[in-house]
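To keep things clear, I will list the structure first and then write my remarks on it.
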């Protein structure tokens, strides 16, 4: 399985979990009929931590991992990043189907409900 | 005289012509050729600026007498200024493209992580990603590994045919590497000193590229689904109509109008605009620089050394 695909599945697990997970829990969740090494999951979690996408805490002498931001927060940040940008700073990051007025975008993003 | 002519041409091209070209409606019928014309316009204005810088001191000192001690200093100075212009443009271009690549790379990584893969299995297209979100957004992130990103809301408010039209539009941006065109115009915009900057070329070219992508999508799915998708996506965004003096609304109307009519058949218009673009690039160089070069070589102060 491609590393990117694996990272996506690990993040999905962490986002869906109500509390921080251990490597073993993540491994068990992903395993579901697949032959995947425990150490691979550990490496993936390590990479995600380096990218500051997950935070690692120690609890009962075991490492636990939690997403740094909720899925909704990260999605909102990503969309804002795509919409943001004036030519004074950067070339447009992305090309939108409809060109939207920036004020409307900010307002719509603020209105997006954020889960906690 | 040459410097004056070049200066007049350069000022006309950078101050007067964009003001005429930006509000014109004929480019809607020949967007590709119009983009070429904008590129030629910008490049020619730069060439004129370089020409003025290089020609003016030579002409002034020739008028003052060839043996004047300022001749060499003036020539060196003009070469430095010309080099500054070129280097400033190049640095701006490199900066813009490096930054855009870094931002897009990170954006792609996050979009891959947030992807709801199960929601677009039947859409096809390995580069498609679907994000959660009530805000209907459809965009593409260009690059070596390009992505087309849709928000969940797009899939709920558009039917399958309309989604396909949206994908065709975004894939056309990616296939034709429109980001390189936009990056070059952004780099030029940033390299121009602030008081002289104008967004007109940037915005005009952006709209034209949207039209080019619209035409590509129209060829694949017909105009109706894309038109419906465009109208729906913009209507679904709250507060859009409250934005003051909304230029995006105007450009959306122009795109909708184009999609309402038959596909533009404008070979003549395209050829004309293309010829104008080539003419712009070639004419000032040939007519103004070549005679100046011939004379300047004759009067070159180092020749006798």
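Backbone N, Cα and C define each Cβ position, glycine as well.
Record note: among B:9-32, B:33-56, B:33-56 is the stretch given as transmembrane segment by TrEMBL.
The average pLDDT the prediction assigns to the domain 'Peptidase M48' (B:103-186) is 90. In the domain 'Peptidase M48' (B:103-186), helix, strand and coil residues by DSSP number 49 helix, 13 strand, 22 coil.
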